[in-house]
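Annotated features, as they stand in Swiss-Prot:
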SIGNAL    1-23  signal peptide
DOMAIN    79-433  domain 'Peptidase A1'
ACT_SITE  ASP97  active site
DISULFID  CYS107-CYS113  disulfide bond
CARBOHYD  ASN123  N-linked glycosylation site
CARBOHYD  ASN193  N-linked glycosylation site
CARBOHYD  ASN282  N-linked glycosylation site
ACT_SITE  ASP313  active site
DISULFID  CYS352-CYS394  disulfide bond
Amino acid sequence: MAATTTIPLLLLLLAATVAAAAAELSVYHNVHPSSPSPLESIIALARDDDARLLFLSSKAATAGVSSAPVASGQAPPSYVVRAGLGSPSQQLLLALDTSADATWAHCSPCGTCPSSSLFAPANSSSYASLPCSSSWCPLFQGQACPAPQGGGDAAPPPATLPTCAFSKPFADASFQAALASDTLRLGKDAIPNYTFGCVSSVTGPTTNMPRQGLLGLGRGPMALLSQAGSLYNGVFSYCLPSYRSYYFSGSLRLGAGGGQPRSVRYTPMLRNPHRSSLYYVNVTGLSVGHAWVKVPAGSFAFDAATGAGTVVDSGTVITRWTAPVYAALREEFRRQVAAPSGYTSLGAFDTCFNTDEVAAGGAPAVTVHMDGGVDLALPMENTLIHSSATPLACLAMAEAPQNVNSVVNVIANLQQQNIRVVFDVANSRVGFAKESCN
């Protein structure tokens with residue numbers, strides 16, 4: 001009798017284990033193997049960081065409705081995942097972006113899009129364009145829909161409304177898109193009626209645009225976790241591969257199942273109503289080696305009114321600190337390195353030195369301290385970047401761009417590589433765990 005009851009119990013446990021497993025996708029970076037060295041590649045990528053940082057630190061222009069821009073004045077994210085869109089599924093490489101809500105894809109026909117490999121709505125039986133009467137339309141900034149008639153009390157009949165259309169800037173260009181829905185496939189998971197922007201034309205240079213589209217992983221109603229409902233239980237994580245590992249991939253895990261690491265240390269996730277897509281955390285201090293960095297009081301304080309605080313972002317390349325924080329960090333780092341020939345600047349980096357002149361172990365590690373007792377000790381690869389041709393290394397962080405809105409610190413993807421970062425929106429927390437992602 002015991003055996004007959006044990007077998008069904010084991011089957012139930014097995015089914016629960018399978019159901020709890022997280023979906024997993026490979027994550028690739030955009031650094032090409034022919035690049036001269038990781039240092040030169042990162043310098044080139046970091047040139048576009050300033051525009052993204054200004055976007056992250058600026059407040060929403062209007063109050064009221066919570067909107068999700070199809071795109072922004074940001075630089076393209078550095079990492080991509082393979083996803084399927086449509087029925088039958090069409091494979092696309094979508095840029096991974098934790099600071100954007102909306103997903104969008106370049107759609108055919110589009111003679112000005114940056115890639116010839118476009119999503120073809122005509123080949124998908126589940127594709128549908130969405131009219132201005134769609135409840136999703138007001139959530140997108142920049143929609144071109146007719147205003148309500150009859151003194152603002154009555155709207156045109158749904159059948160007479162055009163497709164909800166957009167024209168939005170992105171980097172140095174802008175694109176025109178229509179609101180649509182289709183089946184999004186991530187690994188073995190299928191999410192029907194997924195709302196996204198279908199890009200039909202691009203104006204301006206396309207060099208800095210994602211080649212095929214973007215996957216929005218922010219916190220707003222248009223983002224993946226919101227549209228997926230209970231499928232992923234409000235949790236995803238990623239482990240980003242090193243810029244040095246051209247031929248290796250990291251992973252994006254969706255869901256709170258067994259695929260997420262057990263040794264995660266969590267810090268509370270803060271929310272800014274003006275930038276509700278962003279993942280804010282409360283940094284309490286920095287240390288270089290065993291020395292705490294002396295920063296002015298309140299330098300890390302979260303302020304929803306101004307946007308000040310610290311954001312964890314997948315699309316910014318190098319970590320930026322506001323002027324007083326970075327000045328103090330740089331001073332302590334230089335004091336400990338004590339490079340005999342001093343320091344030079346290279347691209348965005350102002351603390352580069354000759355490694356031949358510094359004793360072994362002379363470059364100290366940087367640790368980011370957060371609420372909840374989280375001490376994110378950055379590996380040396382995440383602290384310094386090296387030239388492959390010369391004995392030159394640079395502190396892989398920089399000062400935030402000087403602008404009235406540049407009040408936000410950003411923990412960027414270079415400092416996150418080979419670390420599992422868990423975004424647990426359901427429990428309002430962000431977690432970190434060491435992991436070899438390559």
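Residue 1 is the first one shown; counting continues down the chain.
Just so you know, glycine gets a Cβ as well, placed from its N, Cα and C.
Residue environment of ASP313 (active site) contains 25 other Cβ atoms, counted within 10 Å of its Cβ in all protein chains. CYS394 (disulfide bond) and ASP97 (active site) have their C-alpha atoms 26 Å apart, to the nearest angstrom. Within the same chain, the residues at least 6 positions away from ASN282 (N-linked glycosylation site) whose Cβ sits under 8 Å from its Cβ are THR267, PRO268, LEU270, PHE300, PHE302, GLY309, THR310, MET370, ASP371, listed in sequence order. Here the CA atom of CYS107 (disulfide bond) lies 19 Å from the CA atom of ASP97 (active site). Looking at CYS107, CYS113, CYS352, CYS394, the disulfide-bonded residues in this record, the fewest other C-beta atoms within 10 angstroms of the C-beta turn up around CYS352. In the three-state DSSP classification, ASN282 (N-linked glycosylation site) falls within coil. Taking the C-alpha positions, the distance from ASN193 (N-linked glycosylation site) to ASP313 (active site) comes to 27 Å.
Between the alpha carbons (Cα) of ASN123 (N-linked glycosylation site) and CYS107 (disulfide bond) lies a span of roughly 11 Å.
In the predicted structure, the domain 'Peptidase A1' (79-433) carries a mean pLDDT of 89.
Cα separation, CYS352 (disulfide bond) to CYS107 (disulfide bond), rounded: 44 Å.
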